[in-house]
């Protein structure tokens, strides 16, 4: 008799007729079939549930959950300079980062995410939180030209990034990423050093690019080129580059992105809230540029809900482009799942044999799914995260029946409330 680590019985799978069993072994989907017979360490009754791939949040600053709700209704640069950076200068520490990361991880799991791509400070603390809970993450120190608590010079940032890459390069769930912040906060030399480090270790480069008109004008004034043209001119762009936002790009820049096989992390809700603009995602997709989805930080979104982000991605581009087919439900879901895992180098994002068992089970016993005609469109357009019953990462059950299995939610909430008191005290003096 076959032995499995996990057996999901009688579950629905989009675009397959009837009920199916999913057998998981060593973190992978070993078999999908009818009435699978085998001995399983753990069995889940999937009756009335739909199996989808879990979400990959490809751009966030997860510890900023502790700054959520501050500086509302400000544009990006005012929000950063008047609220976020002063508070980070005061409070960011390994303890702040881990507590914020745990809060963000709880929110992420509850909304179906098993992989996130993070750029922040003290990423060792985020790695510890991820490994404690059992969630995947690509992690990188923000590399800057100006001093912060973690480094004083670009060379020091690079040194910290190198040390982190060396320490975490062979972990099971977390992996290092090189994260120069943006072309307007990193000199050409800093960007080149970051690229050299990423290439040396075979890592992704994760960077903010062309988020606002103001940024584009600043780069043009400083370098005489648009952001993408500037990055191309210094030899930065390559297939291992993940650019967050990419809201303001020209025809020429899009040709460069396609030619260099640059990847994009689209963050529609953050771009809307900060009034940054609307990324030309349908055009990117049409050109064959790989687009992934991200929430950005919880302080600028203001949540980490990837189902909500997926729905916004699909709906907003329809309205903005006056085209109901601009981004359909299936494309939005692929952008939010399969594309992200692929960019991260993880064979997940599909409910298929041989793929990593990063899955969610969505309960159809909700009005949003009654009657059930089209699981994908009803998940993207109708459902909310309360419909997500079970979350599985690399074959490990992180949530079942909406109950978190690997983390104490109430303990994390209590820590968040303590940070609130400290932050409110500081705000009164700003």
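Numbering starts at 1 and runs along the chain as it is shown here.
The backbone N, Cα and C atoms fix where each Cβ goes, glycine too.
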Q. Say Swiss-Prot lists 88, 181, 296 as binding substrate: which of 155, 211, 214 is in the same site, per that record?
A. 211
Q: Can you match one of 208, 230 to the Zn(2+) site that Swiss-Prot gives for 59, 61, 296?
A: 208
Q. Residue 181 (substrate binding site): which of the binding-site residues 59, 61, 208, 296 is the nearest Cα neighbour?
A. 208
Q. Can you list the residues of the same chain, besides 59, 61, 208, 296, whose Cβ falls within 8 Å of the Zn(2+) site's Cβ centroid?
A. 60, 119, 244, 245, 265, 267, 270, 294, 297, 300
Q. Helix, strand or coil at residue 208 (Zn(2+) binding site), per DSSP?
A. strand
Q: Would you mind reading off the Cα separation of residue 59 (Zn(2+) binding site) from residue 211 (substrate binding site), to the nearest angstrom?
A: 13
Q) Which residues in the same chain, at least 6 apart in sequence, have a Cβ under 8 Å from the Cβ of residue 61 (Zn(2+) binding site)? A) 118, 119, 120, 296, 297, 299
Q) In terms of DSSP three-state secondary structure, what is the assignment for residue 59 (Zn(2+) binding site)? A) strand
Q | Sparsest-packed of the listed binding-site residues (88, 211, 296) - C-beta count within 10 angstroms | A | 88
